[in-house]
Amino acid sequence: MMACQIGHIQIVELLLKEQVDPNVQKNDGRNALMLACLNGHTQILELLLRKQVINDLNISNKDGLTYLMITCFKETDNSKIVQLLLEAGADPNIQVRSLSIPFLNGFTALMMASGHGHIQTIELLLEAGADPNIQVQSLSIPFLNGFTALIMASGHGHMQAVRLLLKAGADPNKATATAVTLAQYEIVDELIKAGVSTNISSFNPIINTTINCTVTQCCVMAIAMKNTPVIKMNEMMQDLVQTIKLQDSAVGSVMDMGLQQMRALDETKQIKTLQLLLEVTPQPEDDPYSLIAAAQAGCTPAVELLLKAGYDPLALCSSSKLCNDILKSTPVRPTGDCNTFTIACQQEHIEIVKLMLQRPVDLNATQDNVLTPLMAACTAKEDNLEIVRLLLKAGADPNVKFQSSEKSRRSGDTALTMAIVCNKTKELIQLLLEKGADLNVQSESDNPLLNGWAPLMVASSHDNLEIVQLLLKAGADPNIKSKNGSTALACAVCSGQKTIVQELLKFGDATTNSIRIELNEAGASLEMSIIHLCVSKLMQESQFSNYKDSQPTLTNFFASKLEITTDQFVERVKEFISKTTLDDIIEILHLLLEATPQPEDDPASLIMASTIGNVQAVDLLLKAGYNPKAPLSSSKYFLAILSIIMEHAPLPKEMLEISCPSLVVACIEGHLEVVKSLLKEINDPNHQQETGETFLMLACECGHKDIVLTLLENGADPNICDNDGDNALHCVLYFSSSEDNNIDNIIQTLLSWNINVNAQNNNGVTPLMIASAKGYTVVLLLLLDKADLSISDSKGRTALMHASSNGQSEAVEHLLMIYIADPSVTDSYGSTALCHAAYGGYAEAINVLFNNYNPNQEEIEKAFTAACYGGHKDTIEFLADKINLTKHQSNLLTACMSDDVEFLNNQTTSDLCTPLIESTGLTPLMIAASCGSDGVVRALLLVYGADVNQQDNYLKHSPLMYAISGSRSISIAQHLLDSGANVNAISKDEKTPLGIARDKELNEIAQILENYGGVIYPSVTVEKVEQLSTRQKAELLLGLLMTFSQLHTLPTTASMRESFQVPSFTSVPILSTIMV
């Protein structure tokens, strides 16, 4: 191999005499003959062929290249070697199959020679039968599919090779796109003479579609590619690599070189190619793509040629099939239409604009959903005063309105409005005003939040004082209202522009205007004042998020009314909240209040400020005369919104019954400084709500220790009770959790202010009972000196019973050991603390009771019966060991608990239906029903005739009640009912089976009971109207308030502004050519 590579023919001859095999291949697949071909050693090739020692002339190396391909792939034309190989039988039509060089897959020797322009080699290959129309079919690089020898020759500008291939029958249509794209205008001319079709079709993997275009469009597309900015070109490369998942860095490098080649093309040649194509086209194409793309690329010579050829500069992009094909896979489709003239104005191509103005074009003609040239110039990325001057001088009317037959946010806008939306300079706005632009023109937007916006409103929502001043001095009306009642002042407040607010107030903008949002065609609407709007700007993002999460129904409701998603609503509110500083908003509020002659008679603004907790705002409002005692029901804003919302998201009317709402929400939210300010004005610390609750109770419920102390210091009476008989100590215990660190401090504070520790509410419950039920052992110690342990509630239950029934073992221990509670005391139903613990199955509490007390047999039997009623097997077994049961009774108990039917079948005694516990009347059927022993229940009823309606002596519970309370078994309940169980049996505590099922939320069992005629005991069927607490009302109010207050933050120019930029129709690369 080395001799063949270096070219030592004598050594090769010697080695052949020694019978060295020249067909042996290296690891890379190369053999001696391949090395000779690669290095152009003709004599060695002749020798090897003459000796006939080469087994297969079409064998390929590891890269998939044959002898013939290796020779043709070289840049030098080695036609002699090609001739020798062909004469020896080499196949010229073999295609590359390579994993290592994917961009050569599918290539033939003829394609390689054509790419290099090796004329003699091409002639030899064609004479040997090489097919000029073989096409590349590449799976790894799909945009190479369809490559032919003629494409290679055309792409590299080899005219003589093109002629040879055409003469040999090469299809000229395969090479048109390449020749046109690479501006090989002489070859284009040759292809035209060969009768090439003017239509081209190629697959573009970036947009995953086949592009069908004409040769003219292909040429303009290449011109556009050359003018594509480098940044955009790099983005396309990244998209391409991701789309077709290129793994080979070499392929990526070739792609990059191809793109650079496109950018390096001589524009003069491109224009010459375009001119040639236009000359052979008798009439301009119907599709306006070519002119639109040329204008967007800013290629003035191309535009000039196309205009001379008769292309229509006003033809719409939407009428272009090619434009629509390119936009098919665009993630965001354009919202408007465009034509060549508007594109040139918006892209700031002044020379093209001058060309357009030389033609008879109506500058003020309106097309559906299309900007006029002046509008386009006013929405360009950069100011281009020269284009605007040219258009105005040529007669462009600044008062022409944007027209759209479909819904559009821009309907009715003029160039002036659009220029302000796009933050154009004072000089540009001045130009429009000098030409008579209407200062007070109003938008006709389909968006109700934007409908009726005037230029001054748009300017006021921007931080551009110069434009506002310019408009005001020119005569803009500061009090003109949009459809929803917004004014320029409201827009400025919304955007937090304090200098603009000050300027508008100088020019007489009224602060008493209200803003309205119409929610339906029937005229339902929401209103708020500009003062309230300003106060809502003080809200923090975290506050809005909390209320949004607590009231998702309301958030969804408002989002649907605005025809946006909930996420969009939330994001817009967050954007609005983050725009300005609190100091700026306070200054704006101060300016507004100073300019307002009388305070509002609506409490909404003060409530909002108190909810947010901004004491500066609260003080400003109080100083301005806002009434903190005004009830929420006096708010016209809230009355209106509540009536609308209740149609879709029902809310209790009682929420409007809060009196002194500002102080209520401040106490609930924990805003200490706000509470102090409001107390000075209200001067009634013991004011009670309709529910009897006081400010102190609300502060206690919410755990705000500093506010509790402040209220007490200002005269709040801790012993006032609400309508349920609860005092402040009840409230702090009811609504606190064991993790609440403030509870101990608050209780200590209340105790130091002589609160009645033994106060009983309407149910006879004392604070000690609540603390015991919740297991607050620290609180038990705090109450130790003053709490009376002997007090029982309306059902006779003591604090120890409350602790036991809730399984609070530590509290049980404290009460027994520190308070020396008497565990033998019984409630109204004869139950002790042990019975309550047993019913709940609380093992630890039971152990504590036994460790501190030795109950008698009767009490243990009651507790055992209570455990059975609760269905707690572990507790049943524990207590069974402490009852004097015979062995037979123990075995029967086990069988009933474990559903051992076989045990019953083996019994000969007749005591299977008699009470297992005589004192309480607890029967085996009750135990089995409670423990879910379905088989035993059936056997006792069907075989042994157990009484299905026998009730125990303790609490008068029937087997059906045991089944519902204990096992909650639907099948057992059903079987008992089918066996004649009394569906309306009444227990000692006046519960029916249905009442028990409802209490335990066993809906399926409850439905079965109702089907059998079950009812709830009459004494508890009297409808009890649950009265909402003040805190519940306030929480509903706050969620509504926070959401409602943000509705008017949405009509900002950020939401008004749509992208005025036209889509790019020029950045789709001709991928089938850049790899040539």
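Using the three backbone atoms N, Cα and C, a Cβ is placed for every residue, glycine included.
What TrEMBL records for 28-51, 63-97, 105-137, 145-177, 369-403, 411-444, 451-483, 691-723, 795-828, 920-953, 955-988 is repeat 'ANK'.
Nonlocal intrachain contacts for the repeat 'ANK' (451-483), taken as residues 6+ away from its ends with a CB within less than 8 angstroms of a stretch CB, comprise 416-417, 420-421, 423, 426, 429-430, 433, 439-445, 489, 491-492, 494-495, 497, 499-500, 503-504, 507-510, 513, 518, 1051-1053, 1056. According to DSSP, the repeat 'ANK' (691-723) comprises 17 helix, 0 strand, 16 coil. Long-range contacts of the repeat 'ANK' (145-177) within its own chain (CB-CB distance under 8 A, at least 6 residues past either end) are made by residues 106-108, 110-119, 122-123, 126, 130, 132-138, 184, 186-188, 190-191, 194-197, 200, 202-203, 215, 218, 1070, 1072-1073, 1075-1076.
For the repeat 'ANK' (411-444), the DSSP-based tally of helix, strand and coil residues reads 16 helix, 0 strand, 18 coil. If you look at the repeat 'ANK' (369-403), the same-chain residues 6 or more away from its ends with a CB under 8 A from one of its CBs are 316, 336-339, 341-343, 345-348, 350, 353-354, 356-357, 363, 410-416, 418-419, 421-422, 424-425, 427-428, 431-432, 435-438, 441, 444, 1060-1061.
DSSP assignment over the repeat 'ANK' (28-51) gives 16 helix, 0 strand, 8 coil. Within its own chain, the repeat 'ANK' (955-988) has Cβ neighbours under 8 Å at 829, 831, 865-866, 868-871, 923, 925-927, 929-932, 934, 937-938, 941-942, 946, 948-949, 994, 996-997, 1000, 1002, 1004-1005, 1008-1009, 1012-1015, 1017, counting only residues six or more beyond its boundaries. Proximity of distant same-chain residues to the repeat 'ANK' (105-137), defined by a Cβ-Cβ separation under 8 Å and at least 6 residues beyond the stretch ends, is recorded for 64, 66, 68-69, 71-75, 77-79, 82-83, 86, 92-98, 144-150, 152-153, 155-156, 158, 160-161, 164-165, 168-171, 174, 1076.
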